[in-house]
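Below: one structure, written as structure tokens.
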Amino acid sequence: MSVTVVLGAQWGDEGKGKLADILAHESQICCRAQGGNNAGHTIVANGVTYDFHILPSGLVNPNCINVIGSGCVVHVPSFFKELEALEKHGLNTEGRIYISDRAHVVFDVHQQVDGLEEVELGQGFIGTTKKGIGPTYSTKMTRSGLRMCDLFDEEVFEQKLGRVVMGFQKRFGDLLQYDMQAEIEKYKGLREKLAPYVVDQIPLLASAKEKNAKILVEGANALMLDIDYGTYPFVTSSNTGLGGVLTGLTLGWRSLREVIGVVKAYTTRVGSGPFPTEQLNEFGEKLQSVGHEVGVTTGRKRRCGWLDLVVVKHSHACNDYTALNLTKLDVLDDFDELKVATSYSLNGQRLEGFPSNPDMLAQVEVQYETLPGWKKPTTGAKSYMDLPLAARKYVEYIENFVGVKVKWIGVGPARDHMISRSGNI
């Protein structure tokens, strides 16, 4: 068993990137299984800040091969833009990043349609990043989308792109202002540049498994944004949990060694959708300010609230975590007391599990447990026992409620602001 999977356990922005960065330094291969450049995270390494969107963060490790898997969707110009930004920071990525030839391609027309669909929804808008992710997965599911392998036959490429555009034109008419010929010309320039990066991931990963190489899978988004198990329809368009890993990469369940759920010490969400523990008050504002809760991809302020253990337990039920990484504990250092959600009720009746109906979810009453704050800095802590007693009790309350041990605790933004409890649990 050689595969470690890192997944978001809430609504994204949990800080998966830092743990992925730490684990990538022990890995030979780092993979993305699903999603596109709608996800985003920041890594601080050797005093340099790197922003990642579609690229795996294993690129920070010079000895790590990186794979964008078949379940991903790729906007090729954005791929190169992100790659060039990393290289400007001194990273040598040559021969270390590959895209599956089965991954679907995001075109500019998908991004335009993303915006038009949001306008169509009016007040019921999803709050997408408008990166074209949803429309690309839609054309994938209707079997009309283009994959990376389609880009290298010019005639096939133009025919297939024409069919996609025609379908959107029938729907949106003159509202769709898209120059297909300009896109075709763009890919005449990109085709040769892209060719060295596109591979068949199946033999690549099969060979790695045969050699028992250490493989890291870096999840994008999070379980509560999963198309099947999240707060549908206020979700992304792919399977963001363990299921998406197994279908988006050809690794197989028998290869799994560890499935790690990353949990922020409080809860945040970007975009629309139900958020039972959201705090539209001074507590929410303080979390937003102290936690610097602004999206890497969108620049939007994140909605903030208390830690919701109903969400985390639902996430564990779907992904079967072997360990948790609790992040941004230091953001809570200056609170007198902390609340954690332990159950929901509706019309006086306690609910079992997490509701699938978003209208019901918007009406639930949240039951909280109040825990004492610690009013001491945690950022300097190097070991678990360095943490204040109340902080340790907060960690242990989470463990006992969810039924999974917290193996890593984040107490600051830098790579070394991570406490490992491997020897304590």
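In case you wondered, yes, glycine gets a Cβ from its N, Cα and C as well.
Swiss-Prot annotations:
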| type | residues | note |
| --- | --- | --- |
| ACT_SITE | Asp13 | active site, proton acceptor |
| ACT_SITE | His41 | active site, proton donor |
| BINDING | 12-18, 40-42, Arg302, 328-330, 410-412 | GTP binding site |
| BINDING | Asp13, Gly40 | Mg(2+) binding site |
| BINDING | Asp13, Glu14, Gly15, Lys16, Asn38, Ala39, Gly40, His41, Thr129, Arg143, Asn221, Thr236, Arg300 | IMP binding site |
| BINDING | Val296, Thr297, Thr298, Gly299, Arg300, Lys301, Arg302 | substrate binding site |
Around Thr129 (IMP binding site), how many other CB atoms lie within 10 A of its CB?
23
Compare the C-alpha of Val411 (GTP binding site) with the C-alpha of each of the recorded positions Gly40, His41, Gly299, Arg300, Lys301, and give the closest one.
His41
Gly12 (GTP binding site): which of the binding-site residues Asn38, Gly40, Thr129, Asn221, Gly299, Arg300 have a C-alpha within 10 angstroms of it?
Gly40, Asn221
Find, among the recorded positions listed as Lys18, His41, Arg300, Arg302, the one whose Cβ has the highest number of other Cβ atoms within 10 Å in the structure shown.
Lys18
Expressed to the nearest Å, what is the distance separating Lys301 (substrate binding site) and the residue listed as 'active site, proton acceptor' at their Cα atoms?
12
Tell me which of the binding-site residues Gly12, Gly15, Gly40 sits in the most Cβ-dense spot, judged by other Cβ atoms within 10 Å.
Gly12
Expressed to the nearest Å, what is the distance separating Gly15 (GTP binding site) and His41 (active site, proton donor) at their Cα atoms?
7
How big is the Cα-to-Cα gap, in Å, between Lys18 (GTP binding site) and Arg302 (substrate binding site)?
19
Should His41 (active site, proton donor) be counted as helix, strand, or coil on the basis of DSSP?
strand
Nearest-integer angstrom distance between the alpha carbons (Cα) of Thr42 (GTP binding site) and Arg300 (IMP binding site):
15
Compute the C-alpha separation of Asn38 (IMP binding site) from Arg302 (substrate binding site), stating it in Å without decimals.
15
At 10 angstroms around each C-beta, which of the binding-site residues Asn38, Thr42, Asn221 has the fewest other C-beta atoms nearby?
Thr42
